[in-house]
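Noted in Swiss-Prot for the protein shown:
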{"type": "BINDING", "residues": "Cys4, Cys7, Cys19, Cys26", "note": "[4Fe-4S] cluster binding site"}
{"type": "BINDING", "residues": "His252, Glu276, Cys320, Cys407, Cys435, Cys460, Glu494, Lys496", "note": "hybrid [4Fe-2O-2S] cluster binding site"}
{"type": "MOD_RES", "residues": "Cys407", "note": "cysteine persulfide"}
Amino acid sequence: MMFCYQCEQTTRSPAGIGCTSEPGTCGKDEATAVLQDILTHLMKGIASMRAGRAMGVADRRTDDFIFYGLFTTLTNVNFTATRFVHLIQEASKRRERIKLLYEEAAREQGKTPEILSGPALFQPADSLEQLLRQAPSVAINADVEHLGSDVIGARALILYGMKGVALIAQHARVLGYQSDEVMPQAEEILDYLASNPTDLDEMLEESLEVGRLNLKVMELLDVANTDSFGAQEITSVRISPIQGKAILVSGHDLHDLKQILEQTKDQGINVYTHGEMLPANAYPLLKAYPHLAGNLGGAWQDQQREFADFPGPIVMTSNCIIEPGRSYKNRIFTLGPVGWPGVRHIDNGDFTPVIQAAKALPGFTADAKEQRITIGFGHHTLLGVADKIVDAVKHGDIRHFFLVGGCDGVSPARNYFTEVADNAPADSVVMTLGCGKYRFNKHEFGDIGGIPRLLDIGQCNDAHSAIRVAGALAEAFNCGVNDLPLSIMLSWFEQKATAIHLSLLALGIKGIKLGPTLPAYLTPTLVQKLQSRFDLDLDLIGEAQADLQAALAHTA
């Protein structure tokens, strides 16, 4: 039986928490859910051979595979069961190869190989039917009756954080950026999970290691994006269509977007970004393409309506895909780790089918009324005007900063974030990132002495920029980040948000408001431990005005 509770929208009922019947809330069927558990288990098995790295046993392709494989198991990434069967087979082969290399290196160096157990020895079956029979023994909640939900939840916190790390690392790796520090630490954490830990305090400390690793990975991706596409710059981006054939690119992968822009040059096709791809319009080497026409639509949960209305093909480069509607299923394409049964997948970097579809479809028949928003306030931009921001604070023009953003979702409780942003006083600045920004990024915020009151920092992955800016302000005021007139309100949905949140906790940042609901895997015991240590507030529903007043009172 399937069991999944990794996303914010997991089933919650009097009978219990977690999606236990198909389809899950995300649309995942039982086969896909349990195959993802098996693949994750095998990734731990590969990591269990980490002792070989010190003996010179390292395989970049296997390193890539670990991150790629974990990426496919995130919420709203891949729903194709047959694809997971192939990934499981590949994982098993890679694990055995690394095992042989490790044992050979140990013999050559006169060392005794470690005795392997658990995921390192698990043998996946050959057929889908047999794999489904094996799945219960490796499920996230395996043996919960004996271990208890606290232990399972603490393990889940680490695992889901690592899935988020894998996603961000994979985006950097496709741009050719890797770090000799990242993979050994990732293996260490996965190997720790493979040991089936049970000490709650120890596991919460290990979750902070996930956060520290994610800080390195986010910085690596920032360098990769900046080196590849230039530093984000303040940009007025069009958010209404113009006449012409069109392609819509959603997801997060800037490398994929660059390939599409390159292959559509001089083809008479306009390329639009969607969702978390919005910040692409602020990178100099991407916006230099004249046919990058702007951004259309909003956050991932609105895609079924927005994609149905779009008169051209759609390309999903990463999460978040949800079940394609009939009206556009034959004109949506997936790339890389993304997949949906019956949807065409491009795995060779050749976008000819997308281009052909764009030419065959009507496109936009007329220009819409021009609408624009301003983006591009990454840390390179903001640190360049840090002295101006500091002066505004010292002179009382800026009283408070709010960081409001993260993942969006369907829950009406997420209106909290709109209320906070819209009701923040005129002498405050709202920084935002992730697709949560779409709840208010088309609203008018004005400016303070030429400093825009709404600063769009970028994707969820660009939380690194927010951290850099907060650190620079703390240094300028000779205080800690927790002493700044800064309030952090984060919306979460999936595992990347978990990794980012763990990074903030690892930095010792307190008073974070997380919502709209409590992660299902955080039991009351775990919540109590987190709240006592990190001054966390996990109950946001209906408290926007009160939270604003409390934040401003603290500043005063």
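Going from the start of the chain as shown, residues are counted 1 onward.
Just so you know, glycine gets a Cβ as well, placed from its N, Cα and C.
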### Query
In angstrom units, rounded to an integer, how far apart are the Cα atoms of Cys320 (hybrid [4Fe-2O-2S] cluster binding site) and Cys4 ([4Fe-4S] cluster binding site)?
17
### Query
Using a 10 Å radius around each Cβ and counting other Cβ atoms from all shown chains, which of the binding-site residues Glu276, Glu494 yields the largest count?
Glu276
### Task
Pick the one among the binding-site residues Cys26, Cys320, Cys460 whose Cβ has the fewest other Cβ atoms within 10 Å in this structure.
Cys26
### Distance [Cα-Cα, Å, rounded] between Cys4 ([4Fe-4S] cluster binding site) and Glu494 (hybrid [4Fe-2O-2S] cluster binding site)
12
### Query
What other residues of the same chain, not counting Cys4, Cys7, Cys19, Cys26, have a CB atom within 8 A of the CB centroid of the [4Fe-4S] cluster site?
Tyr5, Gln6, Gln9, Thr10, Thr11, Gly18, Gly24, Thr25, Lys28, Ala33, Thr75
### Query
Near the hybrid [4Fe-2O-2S] cluster site, what residues other than His252, Glu276, Cys320, Cys407, Cys435, Cys460, Glu494, Lys496 in the same chain have a C-beta no further than 8 Å from the centroid of the listed C-beta atoms?
Gly275, Trp300, Asn319, Gly434, Gln459, Phe493, Ala497
### Rounded Cα separation (Å) that holds between Cys407 (hybrid [4Fe-2O-2S] cluster binding site) and Cys26 ([4Fe-4S] cluster binding site)
15
#### Entry: Close binding-site residues near Glu494 (hybrid [4Fe-2O-2S] cluster binding site), where close means Cα within 10 Å, chosen from Cys7, Cys19, Cys26
Cys7
### Query
How long is the line from the C-alpha of Glu276 (hybrid [4Fe-2O-2S] cluster binding site) to the C-alpha of Cys26 ([4Fe-4S] cluster binding site), rounded to the nearest angstrom?
19
### Query
If one looks at the chain holding Cys19 ([4Fe-4S] cluster binding site), which residues at least 6 apart in sequence have a CB under 8 angstroms from its CB?
Met2, Phe3, Cys4, Tyr5, Thr10, Thr11, Thr25, Cys26, Lys28, Ala33
### Message
If you count, for each of the binding-site residues His252, Lys496, the other Cβ atoms lying within 10 Å of its Cβ, which residue has the minimum?
### Response
His252
### Query
Reduced to three states, what secondary structure does DSSP give Cys19 ([4Fe-4S] cluster binding site)?
strand
### Message
So among His252, Cys435, Cys460, Lys496, all listed as binding-site residues, which is physically nearest to Cys7 ([4Fe-4S] cluster binding site)? Use the C-alpha atoms.
### Response
Lys496
